[in-house]
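Enquirer: I am attaching a structure below and will ask some questions about it afterwards.
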Amino acid sequence: MKILVLNSGSSSIKFKFFDNKIIKASGLVEKIGEQNSKVILKNVLNNESFERELTINNHEEGLSIVNELFKESGILADLNTLDGCGHRIVHGGRNLSEHCLVDDYVLKEIDRVSIFAPLHNPAHLAGIKTMIKAAPSVANVAIFDTAFHRTMPDFAYMYALPYDFYDKHNIRRYGFHGTSHAFVSSRAASLLEKDKSELNVISAHLGNGASVCAIEKGKSVDTSMGFTPLEGLVMGTRCGDLDPAILPFISHLKGLTIEEIDTLMNKKSGVYGICGYNDFRDIEREIEQGNDKARLALDMFCYRLVKYIGAYFAVLPKTDAIVFTGGIGENDSLVRQKVCERLAHLGIELDFELNKQRISGERMINHANSKVKVLVIPTDEELEIARITEELIGKN
C-alpha cells in the first residue's frame, strides 16, 4: 500500500511517504503563513532533494506544492493515487480512545477536544481537512498519541479530585508518546524473539519532551504524562511533577496570570529553567567546564527518571526489559549509565563498553549477567503510523 504520513503543526507540515512499509520520501513544509516559506522533499532511496521557496499562506497551499514535488521527483504521480493518509493527532480525548478512519464525527470530536491540546489539535485538524480537499478519494486515518494508553486501569488514570471533574469534564490522565511506546515495545519483542503478549517492558522516550511507560504483555498499564504532556519527568523546558500548591503561591508572589504560569511551566522550566540549556550536549559540555547548575539539571533529570522506572518495576509483575528511545535515550550514553547504575539493585547490569559505542540502530547494551535486558531502539513513529493506517484501511 502507498501511505502518506502527515504531522501537521500550526506553521508546518512534516511528511513521510511509504510504499509497502518502505520509506521512499520524506519532507517538510515550513513557515506557513510567512513570505519565506519553504517546501523540501527528499528521495530517501537516492538522497536527491527537491525544494521550493515561496509564500505559502495556508496548509492547503503547502500540500499542493508537496503534490507538485512528488510529481516532479517521479516518486508519486499524484496524491489521489495514495491508498491512505495517516495523521498524527496528539489528543483524542475520552471518546476517541482508538485509532480510527476519519469521518464527520471524528473531525468534530478532534475539534471539541482541542481545548486539551490547543497548540496541536487545531493544526492536525487543518492537515486532515487539507488532505480531504486535495485527494477526496483517499482514506484518512487518525492516529492518536493517547490511544496506546487506553488500556490503563481506572485507578491509574484517575486523579483524586471530586469525581464530577472526570464525569462531566473528562479530566483524567491520558498519557502521550503512545505511538513511540507502542513501536519500541513491538521492536523489543522482535529483538528478544518473544511475542508481545509474553513480555513486560518499561519504555523511556527521552527527548525535549519525555515520558516513561509501563507495558504489560504489550499493553500500557501506566505512563508518566497525564492530562497534558506537562506531568511526569523533568524535561527540556517542562517542569514535570510539581506540588500544585506552588502555582497559586507563584501567582501571588510574581503577579502572574494563569496563562503566564502555563508558559512558565511549559517553556521556561525543566533542565532549561535550572541551567539555561535544554540540549543535553550543551549541558554535558558545561558540566565538563565545572558548571554546577548544569550538573544539578542532569542529576535532577536522571533522578526523576530513576524514580519512575523504579515505580514501574513495582507496578509490573515482572520486568523483562528497559528500552531507551528518543533523541536523548538513543544518543546519550551518560544518561543511560547514570540511570542504570542507580537501578543495579533491581537486577540491571549495564555493559559499559556497549553503552558507550556510538552506533546507530537497535542494540542491546546490558551485561550478559543482567537479569533485565537493556535496549536502545530508535523510535519510528511515522512507520508505526503507516503500519496502523494500512491495518485499518485493510479492515474496511
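For all residues, glycine too, the Cβ spot is worked out from N, Cα and C.
The ATP binding site feature in Swiss-Prot is assigned to K14, H205, L206, G207, N208, G209, D279, F280, R281, G327, I328, G329, E330, N331. As annotated by Swiss-Prot, substrate binding site applies to R88, with the evidence given as sequence analysis. Among the features that Swiss-Prot reports, active site, proton donor/acceptor is placed at D145. If you look up Swiss-Prot, you'll see H177, R238 marked as site 'Transition state stabilizer', on the strength of sequence analysis.
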Enquirer: How many Å separate the two farthest-apart Cα atoms among the ATP-binding residues K14, H205, L206, G207, N208, G209, D279, F280, R281, G327, I328, G329, E330, N331?
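Expert: Roughly 25 Å, rounded to the nearest whole number.
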Enquirer: So which of the recorded positions is most packed in, judged by how many other Cβ atoms lie within 10 Å of its Cβ, out of D145, D279, E330?
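Expert: The residue with the most neighbouring Cβ atoms within 10 Å is D145.
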Enquirer: Out of K14, R238, which of these recorded positions shows the lowest number of other CB atoms within 10 Å of its CB?
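Expert: It is K14 that, of the recorded positions K14, R238, has the fewest other Cβ atoms within 10 Å.
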Enquirer: Would you find the one among the recorded positions H177, R281 whose Cβ has the most company, meaning other Cβ atoms within 10 Å?
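Expert: Max Cβ neighbours within 10 Å, all protein chains included: H177.
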Enquirer: Same-chain residues six or more away whose CB lies under 8 A from the CB of L206 (ATP binding site)?
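Expert: The list for L206 (ATP binding site) reads L233, L305, F324, T325, G326, G327, I328, G329, D332, V335, given in order along the sequence.
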Enquirer: Provide, as an integer number of angstrom, the distance between the C-alpha atoms of E330 (ATP binding site) and R238 (site 'Transition state stabilizer').
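Expert: R238 (site 'Transition state stabilizer') has its Cα 20 Å from the Cα of E330 (ATP binding site).
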Enquirer: Using Cα coordinates, what distance in whole Å links the residue listed as 'active site, proton donor/acceptor' and R88 (substrate binding site)?
Expert: 7
Enquirer: Compute the C-alpha separation of K14 (ATP binding site) from H177 (site 'Transition state stabilizer'), stating it in Å without decimals.
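Expert: The separation of the Cα atoms works out to 17 Å.
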Enquirer: Would you kindly give the Cα-Cα distance separating the residue listed as 'substrate binding site' and H177 (site 'Transition state stabilizer'), rounded to the nearest Å?
Expert: 11
Enquirer: Validating a neighbour-count step here. Other CB atoms within 10 A of the CB of N208 (ATP binding site): how many?
Expert: 17
